[in-house]
Amino acid sequence: MSFINSFSIWFIPFLIGFILLYGTYKKVPTYEAFVEGGKEGFSLAVSMIPYLVGMLVSISVFRASGALDLLLDFGKPLFDWLHVPGEVVPLGLMRTISGSGALGMTSDLIASHGPDSFIGRLASTIQGSTDTTFYVLTVYFGAVGIRKMGYALKVGLLADLVGFIASIVVVSLVFS
Amino acid sequence: MVNYIWVGMMVTGFIVAIFSGNVDKVNAAVFKSAQEAVTISLGMISILVFWLGLMKIAEKGGLLEFLALLFRPLVKRLFPDVPEGHPALGYILSNMVANLFGLGNAATPMGIKAMEQLKVLNGGKNEASRSMITLLAINTSSITLIPTTIIAIRMNYGSHTPTDIVGTTLMATAVSTVFALSIDRFFYYRSVRKEKK
C-alpha cells in the first residue's frame, strides 16, 4: 500500500523533471516552448464553457426535480428480477452522468455498508472502472468545437452498461 | 441522439417538478449548475496551460514521436485513419499513458490536444471523425492501473484491505474497454455500409 501511495506521489515530479531534462538535452528552448504551448490552454478552456453549461444544466434539472429517483423506482422490479443489488443501481446511473455525484454516492455506500462489505467493494469497483461519459464527451468535444457527435454517445453509454454488469459479475465471483 | 437526450432530461425534469412540487429546487438548480459549469471550465485553465506547456517541450524534443514509434503496432490497429508520424498519435499515446497511471488532470489536456489534431486531420469539420470516437471510447471506459481516489476513500472509512478492489476494478475496466472498442468498430462499419447504400 505504501508503495502504491508513494508511487503516485513521486510519479508527477519524476515525469515533469524527465520532460524538462530531456528537452534541455535535446536543446529545446524549454521556457519558450512551455509558454508557447501553454497559451492554447486558455482558449481551449473558454471554448468548452457553452457545452458544459448546456450539459450540466440539463443533468441537474433531471436530478433536482426528482425525475432520476422516479426512474429508479420505476425500474426497481426489473433490477430485482435481474438480481442486481438495489443499493448500487442509482450509483450505476449516476456514474454515467455526473462524476462528483457518483463519488458522493460511493462514499455514502462505503460509509453505510462498510468498505470491506460486498456492497462497499462493489461500489468501489463501479466507481473505479468507468469514467463519466457525459463529462468526457462534453469536455473533449466541447474544447475543440465538435457539435455532431455521430455514434460517440451510443458507444459511451453501452460501454458504461457493460462496465456496470462486469463489475457486479466480477465482484460476485471474487468476493462471495 | 444527444439533442433528444438533452431536451428529454430537461423537459422530463420540468414536468416531474410540477407534479412533485420541486419547482423551486429546479429553478435553483438551473442557475447553480450553470455557474458550476463555468467554474469547472475556468478551473481547467491552470491544468491545461501547465500540461500543454510541458507537452510542447516533449513534442519539440521528439519525445512524443518516440512514444508513437514505440507503440506503433497497437496504435496503427486502434487508429487506422491516422497517418504514420502524425502529431496526433503522440498526444493520443500520452493521453492513454496518463490515464493508465491515474493522472486524470494530465490526461484531459493531452486528450483535448489529440482531439484538436484529429480535427485538423478531418478537415476542420465540426463532425466527430472515426478516430475521435475511438479516442473517446478509450477515455470513457478508462483503463486505470491504480484507482487512487477510491483507495483513499476506502482508507478514510477504515478499510482493512483498501487495495483489494484493484484486481476487480482492472477486470471490470478491461471488459468495458474491450467492449467499447468492439462496439465502436461495429458502429463504424455500419455507418460505412449506410453511406454506400
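Placed from the backbone N, Cα and C atoms, the Cβ positions cover glycine too.
Whatever TrEMBL says is automated annotation, not expert-curated.
Feature list (source: TrEMBL):
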| type | residues | note |
| --- | --- | --- |
| TRANSMEM | A:7-25 | transmembrane segment |
| TRANSMEM | A:45-62 | transmembrane segment |
| DOMAIN | A:46-146 | domain 'Nucleoside transporter/FeoB GTPase Gate' |
| TRANSMEM | A:155-175 | transmembrane segment |
Sequence-distant contacts of the transmembrane segment (A:155-175), meaning Cβ under 8 Å and at least 6 residues beyond its ends, amount to 84-85, 88, 92, 95-96, 118, 121-122, 125-126, 129-130, 133, 136-137
Tally of residues which DSSP labels helix, strand or coil - the domain 'Nucleoside transporter/FeoB GTPase Gate' (A:46-146): 83 helix, 0 strand, 18 coil
